[in-house]
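Enquirer: Please find one structure pasted underneath; my questions will follow.
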Amino acid sequence: MIPGTETIRNVIADLRIAASFVTLLPVGSSKPAADGAIARATWALPVAGLLVGLAGALVYKISSRLGLTPNLAALLALATTALITGALHEDGLADTADGLGGGRTRERKLEIMRDSRIGTYGVCALILSFGLRWSALAAIANPWLVTLALCAAHCAARAGVPAFMSLVPPARPDGLSASAGAPPGRSVAIAFAVGTLVLTLALGPGKALVGLILLSLAGLILARLAIRQIGGQTGDILGAFEQTGEIVILLVAAAFQMGR
């Protein structure tokens with residue numbers, strides 16, 4: 001066997017696993033049953049996010065070239081990223097808002113989060129999520145800066161997921177998050193490094209630092225809420241974390257875009 005072949009195969013396998021779990025891209029990998037495979041592959045989540053961001057940026061660029069306004073181009077870019085991911089993270093955000101906002105007991109909150117129907121809290125959360133991201137992209141306007149912002153947001157938002165999974169215990173023993181297991185330290189470190197690198201290259205050191213601080217604070221608040229109300233994290237909580245990350249990074253990019 002050629003030296004390094006097994007390592008390359010593992011990297012490719014992890015990339016396919018990550019992409020298959022957070023996108024609808026035809027990567028040729030079904031959800032794996034091997035123990036520890038999902039947790040190990042979490043390092044590749046920011047890489048999968050980078051691909052999603054690039055797809056949204058491409059649509060924004062094409063829309064701008066066709067003469068569409070920044071508002072319409074931003075809307076199409078968001079629609080593209082939602083289609084590629086199957087609105088997986090948006091669904092998690094809505095379920096989290098409904099569960100944490102609507103249930104009185106831990107059991108009822110978890111029951112609501114598993115319900116496929118969407119409630120008032122979920123609708124409001126989705127409106128705010130799409131509205132804030134749409135407004136941020138439209139404010140940035142410049143196609144090149146939008147590309148950098150989308151890549152940074154989708155990459156960094158997923159880069160924190162392994163750490164969140166590692167630090168916050170599963171809320172129930174039978175959920176997807178519990179079955180995946182806690183990511184090993186190596187996966188957490190690689191994901192963080194990839195996310196930080198992309199964020200820094202895309203937005204610059206200053207804005208990247210602001211984004212990391214705000215994203216960490218948002219993650220701590222969400223973790224505290226999840227532990228207090230339902231005893232830990234679920235797949236829906238992870239989706240809400242990703243959406244929060246996108247919003248934070250895009251708002252940072254929009255707020256400081258004039259300073260580039």
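Cβ from N, Cα, C; glycine included.
Look at Swiss-Prot and you will find 42-62, 68-88, 118-137, 144-166, 180-200, 201-221, 237-257 tagged as transmembrane segment.
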Enquirer: Any chance you could find the range in 42-62, 68-88, 118-137, 237-257 with the most Cβ pairs under 8 Å to the transmembrane segment (201-221)?
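Expert: Most Cβ pairs under 8 Å with the transmembrane segment (201-221) come from 237-257.
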Enquirer: Among 42-62, 118-137, 144-166, 237-257, which stretch has the highest count of C-beta pairs below 8 Å with the transmembrane segment (68-88)?
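Expert: Per the Cβ count, the answer is 42-62.
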Enquirer: Would you mind listing the long-range same-chain contacts of the transmembrane segment (180-200), meaning Cβ under 8 Å and 6+ residues beyond its ends?
Expert: 35-36, 38-47, 50, 151-152, 155-156, 158-163, 165-166, 208, 211-212, 249
